[in-house]
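S.K.: Pasting a structure here, questions to come.
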Amino acid sequence: MSRMSRKLVGTLITALLVQGVAAATPASAAPDPVAVPTWTRGTGPQDATTHRVTLVTGDRVDLSGAGVAIEPGAGREATGFQQFERDGHQYVVPNDALRLVADGQVDERLFDVTELVAAGYDDASTAELPVIVTYTDATLGSRSLRAADGARVTRALRAVDGAAVAVGKETAGAFWDGVTAGSRTTGLRAASGVAKLWLDGKRQVTLDRSVPQIGAPTAWQAGYDGHGVTVAVLDTGIDATHPDLAAQVTETVNFTDAPDADDNVGHGTHVASTVAGVGAKYKGVAPGASLIVGKVCSDRDCAESSILAGMEWAAPRARVINMSLAGDDTPGLDVLEEAVNTLTAKTGALFVVAAGNDGGADGTVDSPSTADAALSVGAVDKQDVMASFSSRGPREDGAIKPEITAPGVDIVAARAAHAGSDYIEVEPGYTSLSGTSMATPHVAGAAALLAGQHPDWRATELKAALMASATATGGANVNAQGAGRVDVARAVHQSVLATPTSLPLGTQAAPADDDTPVVRTVTYRNDGTEPVNLDLAAQVSGPDGSPAPAGMFTVSPEHATVPAGESVEVTVTADTRVQSGTGVFQGALVGTDTTTRTSVRVPLTITKATPTHNLNVKVIDRAGNPAASYWTDITSLDGSVYRFVYDPSGSGTVALPAGRYTVNASVVTPSDGSTTLLVRPTLTVTGDSEIVLDARKATPVSATLPRKDASLRLAAVGFRRELTNGLGFGMRAIADSYDKLFTAALGDDVGPGEGTLVADVRGFWAQKNADGTYDDSPYEYVLVWFERGHLPTNFRHVVRQSELATVKHQYYSVNSEGQSRAFTHNFGFPPEGGSALSAGAIWFDTPGRSRTVYYKADDTMWETRYNQYAPDGTFQTQFLTDYETYKPGKRYTTEWQKAVPGPRFSRTTTVARDGNRLSFNVPMAGDQAGHTGYSAYDTSRVAFYHGDQKLVELDYPWTDAAGTVPAAEATYRLEYSAERSAAGGGFGLGTSISGSWTFRSGEVSGGETPLGLSAFDFAPVVDQNNTGGLPVVPMRLVRQPGAAASAVRSVSVEVSYDDGKSWRKARLAKTGRDAWVMPLPGRPVSGGYVSLRASAEFADGGAVEYRVIRGYRVG
């Protein structure tokens, strides 16, 4: 896989948690129940709120849906950064780490901020960053790390000559200095003895008819049920009290931070019972086998160090090891792949590993199933059709993965007593799941049956026998199914094995007329007592699915007798000189003996390449030296080709098909700390050629303010490219001074049909304190300039005050007592959208503060995010604006967290429908200005109903979900509630917020359509403590933007002065369309609170209810 070319979040291959409640049943069972629509929980606060992440270098990055904000670590204020965007992930790489990442000495995931947040490694979730250090000398391990500042060794990992290390967030800079050597002016390298620094990343865990489907009953009848064989399951733990498993489990070990090995998810129990469950109705594949269980996943996350420890424990104890977990494959060997290969060679244990649930496209197969020694398992349904979610091969180097398939759709097996609520019980004690996680234990169970039949076989024989006996799935190619669906009935019957188990014959370069035929030898071994006569043929299809041309694949001999107890060799020849199209040819070498009912399959592939041309990429830094610290990528304009180019010599060659490409490079010159961005929007490749990326030809970037006392905090220049197929990517150079930024636009601008390129120059200024910080600055300047079609060159801009807008930000309090600490980020977007950059946080106390921010006023769309924390650092609230545009010379005021809190609709928080897919996102703590508001809560609940049927229910912190609903128009209800009296250090206002919407909806066409919902907006006059004294309160009903209007039929408001114990009805005087003024009934007590309860009905049949306890204070 190319660097940054696929999502990096792993998948518990729970099958997308596609729990089809309509599970398959035996012929004697009752009919399937009616399926409930499957709803998917959204990203929750991950995209909406700001997450602070401390990098392994000690630098801090704030990630939100708007982009990133960067704050250099202590003593690293002059460090520059590179920001990359690819596949929806944001990477922030400090300049002193760039060479180490590009050269493969440091795992790029350590700087994938999106991945770090998704893995739960943000600062609010953990005070330590887990890493794995591997060593060039196995004896160095823990000895050297005990002496390293800022590191705590948590586990030795002997299988990879490494150690798991917890790096303190406050001491990460010292740790970085300890594992690197050299200087920032000459370039860093890994310290002596350190092979590589890895993120201790997270992998995630991905029977009825399925057991007979693979032939297990036939094997049982032959006397093979796995008796005497130990199978290890490395997963989320086990419910050892389940009646199907209680007698099977002989040992459990917990490798996680959880208190015990109990399965609180349900995944591990389901997997284990598929391997060896003894239920009368839902029997596992190998019910005679013993199980040992290693809990390597807490919840659905599986730390790589825990997995490694579990592998080391299981390998000497078990013949077969099931790993229904996965994560993205990366170039070269990762630590889990290395451990699979090492432990297999050492112990002979067979690792059976899920291929992953990233199906659809080729090249999506996941690690560690991609290890050479692993048996990689894809999924089919009960009709032997490939599951849509099953990951496809090949591996990056063309190896055939997955290698075998098994049933993985709607698999019913044991449900753990403490399983999650999404593991729906289809009958007492059982649940139905789909995924390659479910397919994998079928193969592990089959391996256990074979291991019982052949006590002397090791992993190589078990893998060979299972693959050789597999049944090909019609309509699926080798990259999807490998050898085919596991057939254990055939495996225990036939006696012939083939090695190698697959024939990836590589890629033949164009032109084909001078190709050298590829010749491989396959050895057939007969472990039986009778000879086997094989008829041999290469059954291969071309890229169009038709049979390969005659003469392209030959087998010699075509008939072979394999004597009992002996072996014979057969040669397979692929001659790509034979006239044919280009692309992947795939199929199998098939040996059959009809007399003994033997069928031996060896899957094969070969790629006949389209013509390519060598492009030599030469990179020179600003000092005139061959660059060593740089990042260069090349992408075809149709998005089909991506190449990362790096060579420490500064010159590398890449083979590219003829076509048009974009070339982008960021070059760091260590001697002066500068970064040069070079962009060639279009490069046409028609033959061998060279491109020179010479940083000396770049020009400086500068911008100056009219205000001389303002200090530049952060300067940046970058671009975002979007191709015509929608693929977007970007690159940005960031420094503490414009003196360190240079740009070079190479070649012509982006032309018609080549997508778009939007470049930006950014600057952030504020008042600098004597201690070098910017905290409590009374003003900020946040400026951005956009250019299109090319990277700006010779950019010099003298800012005039008249081209700016002035916005006064005022901050209000919802605390129970005392002040909070807060900061804001300002993100400027072009009209085309994309991701943006902000400077690091400027902290200030609230309430009682205001800040003046000067924005570049043109067509720039500004999004401001306000973040508030309790004095102890606990998160309290975040608010964000919709996109705002400002006019030059104009003054504006915006008020943050002003009462009364409640739901607000915006471009990101909607209830909408697209066809029959309905989605909602309802954060509950917006403010009077209409800002969307997220909050810490003690508890929260969001539930969605179709009529009286509950479709989905969410608890804190999730507020969003999506799913399919019936096409016919129907009534729906969305309920929400939240309590927050104690959360976040204590809230004085909005301690309880609840309500509901009722609306009607039917199938829509034309894309996503906002539905007819309205929210109450009360606007009392209050000070910055949210204290008011006026006896009247304006109120309005705000329709969801873009939704069809509907007349208000009735509206009612009640007021409470005793936190909802009693309510008084309020009179309303209409002041405009959907607007009223409300005199407060009675006399509120000074020092008390006003609580509100309101409801309304609409002509379209919709309704809204809303209640807030302690909406605002009374003066």
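Each residue, glycine too, has its Cβ placed from N, Cα and C.
The following feature annotations were taken from TrEMBL:
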ACT_SITE  Asp235  active site, charge relay system
ACT_SITE  His267  active site, charge relay system
ACT_SITE  Ser437  active site, charge relay system
DOMAIN    226-484  domain 'Peptidase S8/S53'
REGION    29-48  region 'Disordered'
SIGNAL    1-29  signal peptide
S.K.: How far is it from His267 (active site, charge relay system) to Asp235 (active site, charge relay system), counting Cα to Cα, in Å?
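M.R.: About 7 Å separate the Cα atoms of these two residues.
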S.K.: By a simple count of other Cβ atoms within 10 Å, which of Asp235, His267, Ser437, the active-site residues in the record, is least packed?
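M.R.: Per-residue Cβ counts within 10 Å for the active-site residues Asp235, His267, Ser437 bottom out at Asp235.
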S.K.: Write down the Cα-Cα distance for Ser437 (active site, charge relay system) and Asp235 (active site, charge relay system), rounded and given in Å.
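M.R.: Cα to Cα, Asp235 (active site, charge relay system) and Ser437 (active site, charge relay system) are separated by 10 Å.
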S.K.: What is the pLDDT of the domain 'Peptidase S8/S53' (226-484) when averaged and given as a whole number?
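M.R.: The answer is 94, the mean pLDDT of the model over that range.
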S.K.: Using DSSP and collapsing to three states, where does His267 (active site, charge relay system) fall: helix, strand or coil?
M.R.: helix
